């Protein structure tokens, strides 16, 4: 049974001694803090250690307990669906909206709905023309820093979100969520032109481009256009190779 919880990074331990040793790792800066933690007392401990020459191994459990008391609040409010814990009931109530798929906050510009007001406010930045966050690799601009960080995963080829059914990996959680719909036998999104069914609306939207002959994705090397971005990406591999041979 995991009874001892580190309130700085939310890692659980079965033994209190293990937990206290884990706190030492925080002081050595080997374990990242949970971003919701208050670090005031631990920073004070770290500052005292640096000025006095005291090593983390010599810190007593009383010192660690003092840091724990200032930084940790008992998380009594537990989500009965995913077991996530919260110190404030209001945070739990907002979290439950995710499971209920209740999205009371609607964007007046595009109609997209959100479970939390803060999510709506962040989203509304995309409708503005100001994009202060620029990708250093490709130059694409973003109005929200979080969108830039998610975009950057494309360049690093880091794909932490894996489908449990087919093991296909994705750089963004939303892409995984959209992909998982293809495993559903229910194809509720039907093309009104040819009757083809799709399990995800996004796939239907992309399919419609075939009928309209709209090709928004253009190759920068040969100017050939494609209806889907994935088709362009496949083309660019061969196009760049042909262009390289031509230059040689």
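Using the three backbone atoms N, Cα and C, a Cβ is placed for every residue, glycine included.
Unlike curated records, TrEMBL annotations are generated automatically.
Summarising the annotation, TrEMBL assigns domain 'C2H2-type' to 4-31, 77-104, 105-132, 133-160, 161-188, 189-216, 217-244.
Here the domain 'C2H2-type' (133-160) has long-range neighbours at 122, 125-126, 169-172, meaning same-chain residues at least 6 beyond its ends whose C-beta is under 8 angstroms from one of its own. Same-chain neighbours of the domain 'C2H2-type' (189-216): 178, 181-183, 225-228, counting only residues six or more beyond its ends whose CB sits under 8 Å from a CB of the stretch. For the domain 'C2H2-type' (161-188), the DSSP counts in helix, strand and coil order read 11 helix, 4 strand, 13 coil.
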